[in-house]
Amino acid sequence: MEKIQVKASRTYDIYIGRNLLKDAGMYISEILPTCKLCIITDDVVSELYKDTVSQALSDAGFDVHTFVFKAGENSKNMETVHNILEYMAENEFTRSDGIVALGGGITGDIAGFAAAIFLRGIQFIQIPTTFLAAVDSSVGGKTGVNLHAGKNLTGAFWQPSLVLCDCDTFSTLSYEIFLDGVAEAVKYGVIISLELFELLLLHNQRLFSEPLVNEKPDHSDAVIEVVKQCVQIKRDLVMEDEQDTGIRQLLNFGHTVGHAIEKCSGYTVTHGHAVAMGMLIISKAAHTFGLCKTDCFSAIEEILKTFNFPVTCPYTAEELTRAALKDKKRAGKSITLVLPEYIGHCYLKKTDISNLEAFIKAGL
Ligand code: NAD
Ligand code: ZN
């Protein structure tokens, strides 16, 4: 098992291993005294893992309540948050009680936001069950929901008190949902780490079908190694720039266009799939305008192909630009784009919004 510590506005540990759910009570009781815990989960994950976690928490002496919402991005809104807050108030949760987010990134974002605002903030624990939530959303304290106008337009920075990542839960994911996490892992490779990019290229689809196989003798478990490397990269960026005003923005690589694709599709294109297309569009445009040192577009296209990613974007530059301009990464008349210089290094470029459509067009 791997243990990684984050020192931000809150200091907390991330455990990455296998067969951890049944010990959730033990890990949580190390950081929280006996209290009420509200497990927040969606209806799919509830069927799979709620009983195990609920039992583990009860056995450790916690008073366990559960709130289940309908799975999917269309639940990531204020109404779900409102229902959670009302449920916890009715059940007399106090400031010393906590929330357990059990599920993918959508659950973590909703539950974390509820934790941030209930009684002006209570503690919460992330138990990610998708590859995406493990490598990305469960760490770093960005919580929030979508508004009609766009993705993640309301939220709070609110760090978890513990992250328990049980990689055995990935065994029940469909390949499509697994791929969503692959997109974020590829993102870390492109922005910071050629080593991670090559690790992903080496294992490609076998990460999903034979997760324990690793050709490097010093790594016995490829999935854990990938999650660990991603989390370390995210931890370092978050510790340097928790509030996302500088270097943390590198994590937005592929996201300005990715969020626009999600929005244009009415959220039928999932986050990771949209980010994969977004990374391709931005890197092709950057290559076309001579802004990269090496051909990152071809390298990203190659790695996405080895995972069999669907990568054709069905929207026009005009549609994407309209949606992108509602993105929160816009600041007045400019937008900060993340551009690849070579694999393992990206940089931030402030761009006038009047140039965005032509830029996106060059990437399609
Ligand atoms: P998700 O939470 O909807 O999970 C995808 C689907 O998988 C859901 O239907 C869920 O019920 C199901 N599922 C979850 N775990 C499962 C398991 N172990 N076995 C079988 N099915 C399972 O989506 P996601 O891809 O995990 O997260 C996407 C969200 O994360 C987006 O809203 C995105 O904006 C957000 N995100 C947030 C951050 C952050 O820093 N806060 C970072 C990246 C992405
Ligand atoms: Zn993302």
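Glycine is treated like the rest: Cβ placed from N, Cα and C.
Here TrEMBL flags Thr129, Thr130, Lys142, Lys151, Thr169, Phe170, Ser171, Thr172 as NAD(+) binding site. Taken residue by residue with DSSP, Lys142 (NAD(+) binding site) is part of a strand.
Annotation comment: TrEMBL describes Glu184, His255, His271 as Zn(2+) binding site. A 10 Å cutoff on Cβ-Cβ distances gives His255 (Zn(2+) binding site) a total of 25 other Cβ atoms nearby, all chains included.
In the predicted structure, the domain '3-dehydroquinate synthase N-terminal' (67-176) carries a mean pLDDT of 97. If you look up TrEMBL, you'll see 67-176 marked as domain '3-dehydroquinate synthase N-terminal'.
Residues or ranges marked as domain '3-dehydroquinate synthase C-terminal' in TrEMBL: 181-329.
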For the binding-site residues Lys142, Lys151, His271, the one whose C-beta sees the most other C-beta atoms within 10 angstroms: His271
Three-state secondary structure, His255 (Zn(2+) binding site) (per DSSP): helix
Near-site residues: Zn(2+), ref Glu184, His255, His271, CB cutoff 8 A to centroid: Leu132, Asp136, Asp180, Ala183, Lys187, Gly254, Gly258, Gly272, Ala274, Val275, Gly278
Entries of Lys142, Ser171, His255 (binding-site residues) sitting next to ligand 1, with Cβ under 6 Å as the cut-off: Lys142
